[in-house]
Amino acid sequence: MSQKVRVRFAPSPTGPLHIGGLRTALFNYLFAKKNGGDFVLRIEDTDQNRFVEGAEEYIIEALNWCGIPFDEGPGKEGDFGPYRQSERKQLYKSYALQLIERGKAYYAFDTAEALDQHRKDHEAKGKTFIYNWHNRQKLTNSLSLSNEEVKNKIAAGEDYVIRFKSPENEALLLNDIIRGEIKIDSSILDDKVLFKSDGMPTYHLANIVDDHLMQITHVIRGEEWLPSLALHTLLYDAFGWDAPEFAHLPLIMKPVGKGKLSKRDGEKGGFPVFPLTWNQSEGYREAGFFPEAVVNFLALLGWNPGTEQEIFSLEELVEAFTLERVNKSGARFDPEKNNWYNQQWLQKTSDEELAKLFAAQLQKKGIASQPEYVRQVVSSIKERASFVKDFWELSDYFFKSPTSYNEKAVKKQWKEDTPGIMQEVSELLDTIEDFSSSKIEETVKSWIGEKELSFGKVMPPLRLVIVGDMKGPHLFDIMELIGKEESIGRIRTAIAQL
Ligand code: GLU
């Protein structure tokens, strides 16, 4: 088949995009790009009761932030628009009527109260009420009523829905690219409502009609839609249309393994489950994740490249991605692994880029800084960081002299003879013309040798007075960066204070 690959991401704008939804979008994007196809965004907003203001904008912004923009969708009209189902609502009814004509669907007039009563009666007997082949002849619909009665009811303006007429006793063979063949007995299916009394289609009808009209070739969506696959397959048959291929992605599981990942897991574990901040819930973007890292870890949630490679750019993912390598079983969400991915992507980001991000944070703290100086600081501390927001704690002493000293370290390092030694070091530093790391190191080390002092008597207290703590990169690098005057000044302050 030389048909152009077309996939769609079809969220309902009922809230922010959950991380699982974002992964669905990503896998659609990867599959489209891998196959030279189109990635369509369709907004499934037929349920007006669940509509949430701002959700559509949020979804679009999240996709853009991740670098996986759609090719066609709201605001990017292609040949298959409009892309919001609410703007297509006038076209669905004729499809529902088509199914009635073909004997594949029927009008049902049962009132909400009547159905409720059936449900209650069944419950009382410990049973569940399903509306399908086994009882539809006894309920109020166009299968049990005469044509005349049906016409009269419609003419009188009675409320009705249109239900799918699920076949009895058919062995259905469903196909899923990830799961293979699935066998189902059609007798267990209920007669789902396709068209509601408020004049709107249900998800099932609108979804199938739009996938057909938008020439979708592959439906890639979450496992929670697998139970709808039988109905969807039957609907394509009923219309006489070719069905697209289906791929149902595995669930994303809680960090502990069992159960679906929820918003509450994020709140409990202190990690984001949304790409961007939504109300009180911090997003990956705001938490300081790089979009590349988010894309990278999401891709490996349920998919594997078949090699040991873990770090992938978006381009590499497009190259490597196949639906056949998506797992059937749930993918455990590991927030620590996500941090690791960010750490890896931070190391791959240029010092210039990181310095810009850090400079913005410094500015917020009211600290003036030179771009080149910030770049050098970043270069010396970044390997210890997972996030740009870690930088300040790792490097504050590059921007201000210590105002206090780690007490434990003082007890351990600050001996009776230390002030004298530090005094001599400060005088020694004053003699160095070229105040470079290597020159300082050479000078201090040979001085230690001449004086027959131990390194332990000089280096740890020297770090303590320069940094205020025992942390940080190579001490002479720090001294070069903060400069001669500042280094000597810090030693003097410490002698006076300790
Ligand atoms: N509107 C559905 C959702 O919110 C789309 C499911 C599908 O992709 O078929 O996930």
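Including glycine, each Cβ sits where the backbone N, Cα and C put it.
TrEMBL labels come from automatic prediction, so no person has curated them.
According to TrEMBL, the feature ATP binding site maps to Lys263. Residues or ranges marked as domain 'Glutamyl/glutaminyl-tRNA synthetase class Ib catalytic' by TrEMBL: 4-340. Marked as domain 'Aminoacyl-tRNA synthetase class I anticodon-binding' by TrEMBL: 358-495. Per TrEMBL, motif ''HIGH' region' is recorded for 11-21. Annotation comment: TrEMBL describes 260-264 as motif ''KMSKS' region'.
Counting residues 6+ beyond its ends, the motif ''KMSKS' region' (260-264) has Cβ neighbours under 8 Å at 18-20, 251-254, 273, 281, 330, 333 in the same chain. Remote same-chain residues near the motif ''HIGH' region' (11-21) are listed as 43-45, 47, 50-52, 55-56, 58-59, 62, 203, 222, 251-252, 261, 263, 272-276, 278, 281, 283, 298, 333 (criterion: CB distance under 8 Å, separation of at least six residues from the stretch ends). If you take the C-beta of Lys263 (ATP binding site) and look for same-chain residues 6 or more apart in sequence within under 8 angstroms, you find His18, Val273, Ser281.
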